[in-house]
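Input: a single structure, listed below in structure tokens.
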Amino acid sequence: MQKATPAAIAVLTVIAGGTALAPAALAADETGGNSLHATLSPVPTNKVTGSGTATVHLQGHEATITIKTQGLLADAPHAQHFHIGAKGQCPPASAAKKHNGSLSMNTTDGLPFYGKIGASLTTTGDTSASHAALAVDRFPKGASYTYHRTLTVDEETATSLRSDNAVVVVHGIDYNGNGKYDNNLGPSDLDATLPSEATNPALCGPLKTAPAGAVAGGMGGTQDGDTMALTAAGGLLVAAGGVMYLRRRGIRQN
Amino acid sequence: MNGFRPRGRRSVHTATAIAFTTTALALLAEVALSPSAPPAPPESVLAGRSDPSREPPQGSAQPLPASRPEHIDIPEVGLSAKIVPVGTTADGAIAMPKDADRAGWYNGSPTPGEYGNTLVVGHLDSANGPAAFYRLGALRKGDRISLTRQDGTRVGFTVTRMAVHPKGDFPSRSVYAPTSQPQLTLITCADWDDSQQRYRANLVVTGHL
Ligand SMILES: [Cu+2]
């Protein structure tokens, strides 16, 4: 069997010169914790055009969280939580209902998919599900923000995170596009003293285990024979004084 | 397999120095031109360097609903493969499809057309010959990649970056980082180490809508 890979020669030749250039990477589980990623997408029917990302590193019950958002309602607080204990999914458009005559998704509509609140991702103070869930003065404000905090989660939330079942939900929409939270969708299903716009889900992303390290993407079945052939050819060319030809030919090959 | 059947080895005759050289060149030509040679990524991306690329535009179209990818097609390099869902291995790496002729979509990543970083892996070769991502190294920036989803929609990506990273120093955080816009990341092996009989690196191809 003879299979050729001047490509392999090219790679070897070029890589040999500078292997130390790639940035150092910490393996996700180097510290024994869990690394999780989420992409935050607009909740369907809520007229949101924003997006974002979330990363969580969980060590025991300590969760180090980074959330980046863009395109949310400006100058407004955005409640944000880990939701847990349901399907670990974001609600599809079919979960929306008519609220005050307008098809939209309130927080309750999405519960069968993302579940109840597991932790409140406040900027300071309490992070519990029960007491801090709508502490609007302690949530990030603005269209685009970066949130970073390490907080302690309870056992149920930690377990949900580890089993790829937790979901990041960022709340606060501007359904009628008037630049503020108002009552066009009626009062909030969570707190009747707040407008529904202030608590409806805006962005949602399931947290999933981040892969770690390179992949094992080959077994060499196109390499073994080659090397013999190339070695044979190379050896003959060395004898003939033509090794540079081999190298140039190998590099040019694609 | 896949029509990449190598031709039989040519016997080497030794008579005069001229015959010697001629044979060497003939053998080399055969080696260099054999259709079974895996295509090399561009030289500029080897040794861990990556091509500089513009960032994708922010705030583009609304994302598609989730629907898992079932097929990948890259006509420019003759790559066409079924896609199956894959998870992770015990050490946390993305698992490879059992059938080396299929590509694997990491089931913890978004589906193509959703916002986020869709991760698709594939073998460069099996123990016997070329595999699903054998032709990946022939890609160049600007080439088009088409993914067909279970719901029948096709999502096209344009190659914006290619990089080769050593396995022992793999930048997981940047390669696997979540993105707020749709991104496609294809990964296969690169850099065969003949003495160890293993690949030393991964080729990472990045695409945007
Ligand atoms: Cu919430």
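Cβ coordinates are placed from backbone N, Cα and C, and glycine is handled just like the others.
Summarising the annotation, TrEMBL assigns active site, proton donor/acceptor to B:HIS123. Under the heading active site, acyl-thioester intermediate, TrEMBL lists B:CYS189. The region 'Disordered' annotation in TrEMBL covers B:34-70. The signal peptide feature in TrEMBL is assigned to B:1-26.
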Nearest-integer angstrom distance between the alpha carbons (Cα) of B:CYS189 (active site, acyl-thioester intermediate) and B:HIS123 (active site, proton donor/acceptor): 7
For B:HIS123 (active site, proton donor/acceptor): intrachain residues, at least 6 apart, with Cβ closer than 8 Å: B:MET96, B:PRO97, B:ALA100, B:ALA131, B:ALA132, B:PHE133, B:THR188, B:CYS189
CB contacts for B:CYS189 (active site, acyl-thioester intermediate) [other CB atoms within 10 A, all chains]: 30
